[in-house]
């Protein structure tokens, strides 16, 4: 398994939907989460760059699919944040269509990182994202972000509760606590990404099994 240098990650492009993404080849790992789940902070912490992914004081501002390249043919995909109350209903539906379309149709997608505030995990849309991924045979890493906001005992209790809950999806779903502030869980995230990026995209296997 190759240990990739995530500090080399650089921005490639933004796209309004899957049709505007570059060719569907190589390996992609997508990051998804509610608009206030700390997705941008996690990407910046992973890559040790302060402003790779722009953090916004206004949740719901990031409406585009943002692509970052780690090395040639290996990309991180920052999906639009979802579930923010003040976003108009039509825009919410548009985002959800874009997210669903990407998860179901993108052949180069190898893994999905779903970020949730450890204090408010497994909201309806979080569960929908995991369900979509499992149904598409995509491995999932759930990061319970802002873990530094809870004392050690409460943090472990939340982690165990979510680990128990995701068993119901009957898929490959791993759960870890994460804190951008304290750099907690960053090594686990890098290890998971390294393993995903080391795998061959499973396109042929899917076609052979049909």
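Just so you know, glycine gets a Cβ as well, placed from its N, Cα and C.
Features of the protein shown, as given by Swiss-Prot:
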type	residues	note
DOMAIN	25-199	domain 'EngB-type G'
BINDING	33-40, 60-64, 78-81, 145-148, 178-180	GTP binding site
BINDING	40, 62	Mg(2+) binding site
Looking only at C-alpha atoms, tell me how far residue 146 (GTP binding site) is from residue 40 (Mg(2+) binding site), rounded to the nearest Å.
12
I want to verify one value. Collapsing DSSP to three states, which class is residue 146 (GTP binding site)?
coil
Which of 39, 146 has the fewest nearby Cβ atoms, counting only those within 10 Å, among these binding-site residues?
146
Quiz question: given the binding-site residues 33, 40, which has the greatest number of C-beta atoms lying within 10 angstroms of its own C-beta?
33
Quick one: mean pLDDT on the domain 'EngB-type G' (25-199)?
91
Let me know the DSSP-derived helix, strand or coil state of residue 33 (GTP binding site), please.
strand
At the Cα level, what's the spacing in Å between residue 80 (GTP binding site) and residue 40 (Mg(2+) binding site), rounded?
11
In whole Å, note down how far the CA of residue 40 (Mg(2+) binding site) lies from the CA of residue 64 (GTP binding site).
13
Any same-chain residues 6+ apart from residue 178 (GTP binding site) with CB under 8 Å of its CB? Would you list them in sequence order, or say none?
42, 115, 143, 144, 145, 147, 184, 185, 186, 188, 189
